[in-house]
Amino acid sequence: MPHSDELDAGDVLAVENLNIAFMQEQHKIAAVRNLSFSLQRGETLAIVGESGSGKSVTALALMRLLEQAGGLVQCDKMLLQRRSREVIELSEQSAAQMRHVRGADMAMIFQEPMTSLNPVFTVGEQIAESIRLHQNASREEAMVEAKRMLDQVRIPEAQTILSRYPHQLSGGMRQRVMIAMALSCRPAVLIADEPTTALDVTIQAQILQLIKVLQKEMSMGVIFITHDMGVVAEIADRVLVMYQGEAVETGSVEQIFHAPQHPYTRALLAAVPQLGAMKGLDYPRRFPLISLEHPAKQEPPIEQKTVVDGEPVLRVRNLVSRFPLRSGLLNRVTREVHAVEKVSFDLWPGETLSLVGESGSGKSTTGRALLRLVESQGGEIIFNGQRIDTLSPGKLQALRRDIQFIFQDPYASLDPRQTIGDSILEPLRVHGLLPGKEAAARVAWLLERVGLLPEHAWRYPHEFSGGQRQRICIARALALNPKVIIADEAVSALDVSIRGQIINLLLDLQRDFGIAYLFISHDMAVVERISHRVAVMYLGQIVEIGPRRAVFENPQHPYTRKLLAAVPVAEPSRQRPQRVLLSDDLPSNIHLRGEEVAAVSLQCVGPGHYVAQPQSEYAFMRR
């Protein structure tokens, strides 16, 4: 049935009164209520909101993928203009018809490319399958087109990549393969569901730039789903703000950023860490979060003057950590991953030192090596004047009371079979510190300290949100009154407002207890807010280290400048200049066994500010 008269001129998609619900224990739970929007050809509509707001289920409803997951979808109108200019009602299409629509007319990029790509097929086979299905091409023609698509998404050595499997590619490469697959049939509408959330800032900048370039070439309508307002400012023409399943505000990107009307939109924007917001300030400060209950209330800024002079609590000298790679018929170690190479730094009581860099730079391995969670092959680790890298396992366990770890994924680091009260109690039991009643009181106090209720102790991890689970992990890390906490990407997977709350909590705890943090992150805007000092890692080595203000306001190393330039700015009028970022991946840090890498030489360029002198600018940043 033709529907062309019902679609406005220029529109490629129109949705009216979309309602989505799920059945849970005989009860209908509404996920989206009365949602209406349209999308024009060549336009980018950003749908923003926090986890649970209904963004992703809206995208799945458009793709007609919710019915299989038990979703109940009702909609007055869901019109799509196909590439052939025929207008169809999506809700009226049969399963067989939808298979032709998906990929050919409407394509989707998912958040996690590793789970979206089939691990047993090569990249070339997976892209070619979509082309053969929708374009009736032969296998040879499909492989030629697959290579052309990989070239189009700026993947270097595309012919070689065609024969590789997904696990052999980096996260940024896999996401580009997903984009190539989604665009292989030149769809009228592309839905991108959080395609850059888990990526490093430089890879994120590449993906955003790539989507914009390809959208222009193909005149595509793009629905971009995200909770990152910096990304929204970078890519969107219009914005739809969702809160608890409803659209609370919609408008042009300039209207939303410069004159937000709804309290939730204002709260969302206030929680965005703005790179440069700490300019001229020497000490970390709390995020100025806005409460939905009291939107006019502003909390006074408090400087984090917590660093204690004297001897450092942690001293690291020439730390080396390498991983063996086996190959050949005899499965011998022939090569090694040089994850950490001659890394040295100090950490003072009450200080936050941030380790920043892209995936593969060695920052997480450095943090894990400090607690001997990964093996180190050289160097010294001195805690409170005592060398700990040579301690026996028994003595190391006692030391772990004073150095605690907060992991990136709180759900994976909590036992799903234990109540959270038992999880927090476990370190106290292992070290035999408190008897039963005192331990229970300590758990209640810790839960209150991280903003939860004492009665939450009886619940299980799956009953909490991501932000609440991260608070539980912080409570567990605090149980033993540690002197040092290593936080490895502890807030990177959280919504922007939850992220601000967790950072504020960490700062409060540092003020109250004098804890030193080693904060490992790739989010430069968060690092700017929380850090006293910053160390930039590249290919396993520190290439710049110094006071946060010096590193951010006067970056000396080209790699530091590249990281800062890639951060999305939540200001639509400030357009980032076009740069050739698209084929820029880290060089390999895999070397032949026994091969030594020259350690960088750090030179002092200011008070406490040290920078490596690269042999050539090209070695650190391709222009």
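Just so it is clear, glycine is given a Cβ too, placed from its N, Cα and C backbone atoms.
Annotated in Swiss-Prot:
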type    : residues       : note
DOMAIN  : 15-269         : domain 'ABC transporter 1'
BINDING : 49-56, 357-364 : ATP binding site
DOMAIN  : 314-564        : domain 'ABC transporter 2'
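Projection of Swiss-Prot feature records onto the structure.
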residue	record	Cβ neighbours (10 Å)
Gly49	ATP binding site	26
Ser51	ATP binding site	14
Ser53	ATP binding site	25
Lys55	ATP binding site	23
Gly357	ATP binding site	27
Ser359	ATP binding site	16
Ser361	ATP binding site	27
Lys363	ATP binding site	29
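Under the three-state DSSP scheme, Ser361 (ATP binding site) falls in the coil class.
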